[in-house]
């Protein structure tokens, strides 16, 4: 009778472990997929030079006149940031006046709205359209590694006590625990850094290079307060914050 109860407890625990594992794995894979396949959002057409303005700009040989032309065009647009020299931010490859927080990605060969960085791990540019998914991917990756490390730790203790009979299983336990802990440490540092960026409403590029406004450099120029900074990334509806859908 005691054996049956013990088996029932083991079975119940195994079912709970499997349900939790697959739930975390589904969100981990879902957010990874969204980070990879959500295309970076580009500036809309109003920021592009018209054919006439483009011809006029390219045919003008005097830099000071080109600079003034961009200033005149930018007056019609909601653009408040400038280059370090005070000029209007212009992309000569995409032929557009860059919106605030927009940067040209040389890997993607396009201007990306609120560009954070180009991530080789997802082979995609992280910006306005997919920054939420990237943060969720980091969060679920951390949770995934932590879950694996904690569930395999009991077998690691058995290994030290000599209670694991199979030599092959010993190697698997040691390798799995090592890899899970290694990725957990590296990912939790990266995730913590991006949480700090979100709390300040900064991008990685802005953390390394202070944005310049028409009034001058301002390192906290986009800071709206803690809650509104989070809403800038995850949206106003809190029930969608943990789910990898556009919000």
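Glycine is no exception: its Cβ is also placed from the backbone N, Cα and C atoms.
Pulled from TrEMBL:
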- 89-207: domain 'Palmitoyltransferase DHHC' (DOMAIN)
- 12-33: transmembrane segment (TRANSMEM)
- 137-159: transmembrane segment (TRANSMEM)
- 171-193: transmembrane segment (TRANSMEM)
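The average per-residue pLDDT of the prediction over the domain 'Palmitoyltransferase DHHC' (89-207) is 91, rounded to a whole number. DSSP states for the domain 'Palmitoyltransferase DHHC' (89-207), grouped as helix (H, G, I), strand (E, B) and coil, give 69 helix, 16 strand, 34 coil.
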